[in-house]
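Here's the structure, in C-alpha cells; my notes come after.
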C-alpha cells in the first residue's frame, strides 16, 4: 500500500494539523497482546480534525494501511510539500467532511511514526526493543485504538473507515466492539490474508532479514538494513499496481537511454527505475523491524478464525453496523471475490450492506486515488449515518 501517492489537491484542506500522543497502557498496567506478552507503556500517535459535536455522535475513525501513519489530512506546516495521505477524501466539503465530522486517525502499535513499536525504547533495558518487541495482531491494534477513542470522549463511532490493512481494522472493529460502531467502510480488503498475500509478505521479510546490516533486528546503533528494506518495498509495489497499470505507466520503455545498456547493475527499463526509486524513498521514512511486525500482523489476520470458529457467517453474527464495502476490478492482492464472500456472510446475518466493485486500472492502490464514484458513495453513506444517529439520539431523550 503506497500511502504517499502524488495527487493534485482539490477542495479545501483542513489546514494545519498537529500530531499528538496518548498513553493507552502504562508500565504498571500493561496491554496484554494476543501473543500473551504484556506491553507497557504503549503510546499511540494520533491526529484529529473537525470538532466533536455535543452529542458526541459524529466521530469517524480513519484507519491507515500497511505503512501509513496518523497524518491522513492537512499539513504540519504551511510550506509542506504534500498533505496527509488521504487529503483528497478528508476535509471541508470533501466526502469525509470535517465541517460535519470529527475525524480521528492514529498510527498503529508496532509502527514507527510515533506509536510504540520495535524501534521504541524498552523501559527494562533502555535500548530499542528490536525483536524483543512482542508479535502483534490486527486485534491488538484495534484494542489500543479503542482506548484512544474513549479517551477522546467517544463512546460510539459514527464510522470506521479504511482501505487494505485499514479495512481489516475496520472489520475487526465491527465485530470486536459492535456496540461502538454505527457503520463501517472496508475498502480493498479481505477477511483473511490469502496464501498469495502471505507469500509476497514473506519474500519481503526475507529480503530484510538477509541484509547483513539487519543483525537480528539489532541495528539501531549502526547501519540499518536499507537494501533489504528497499527490496521488500519493491516487492510490495508490484502487488499494489496491476498489469494494465504497468503497461500504461511503463510498458517496456527504457529509462534515459535509447538502447539496452548490457550492464546487469543498471536499470534499463522505466519500471526498474521506478521500483528502485520507491524502495530508496521508503527507507528514509520507515523502520525495517516495524515492516516485519506489521506485515506479520496482516498475515495473521483471519476474522473467521478469531471471531467465528472458521466461519465468516459466524464472525459477522456479532456485528450490528451498516457496511459499505468496495473492491476494485484490477486489485489482484485482494481481488473482488474476497469482498463478495464477506458481503455474502454479512447478508446471511441480515446486515444492511452496500457493495460495489469499482472499475479501476490502477490495481490495489486505487482506493487512494481520486474516484468520483467512490467519493460520492462514501459521502452519501456517512450523511445517512449522521442523520440516523441524530434520530436515534432524539428517540433516547
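Glycine too: its Cβ is placed from the backbone N, Cα and C atoms.
Annotated domain 'AB hydrolase-1' per Swiss-Prot: 58-368, in sequence order. Per Swiss-Prot, active site, nucleophile is recorded for 164, and the stated evidence type is sequence analysis. Look at Swiss-Prot and you will find 233, 365 tagged as substrate binding site, backed by sequence analysis. Feature annotation from Swiss-Prot assigns active site to 331, 364.
Comparing Cα positions, residue 331 (active site) lies closest to 364 out of the recorded positions 164, 233, 364, 365. A 10 Å cutoff on Cβ-Cβ distances gives residue 331 (active site) a total of 28 other Cβ atoms nearby, all chains included. Secondary structure at residue 364 (active site), taken from DSSP and collapsed to helix, strand or coil, is helix.
The domain 'AB hydrolase-1' (58-368) scores a mean pLDDT of 96 in the predicted structure.
Of the listed recorded positions, namely 233, 364, the sparsest Cβ surroundings within 10 Å are found at 233. The two recorded residues, residue 164 (active site, nucleophile) and residue 364 (active site), show a Cα separation of 8 Å. DSSP assigns residue 233 (substrate binding site) to a helix.
The Cβ of residue 164 (active site, nucleophile) has 28 neighbouring Cβ atoms from other residues within 10 Å, across all protein chains displayed.
Following the DSSP three-state reduction, the secondary structure of residue 331 (active site) is coil.
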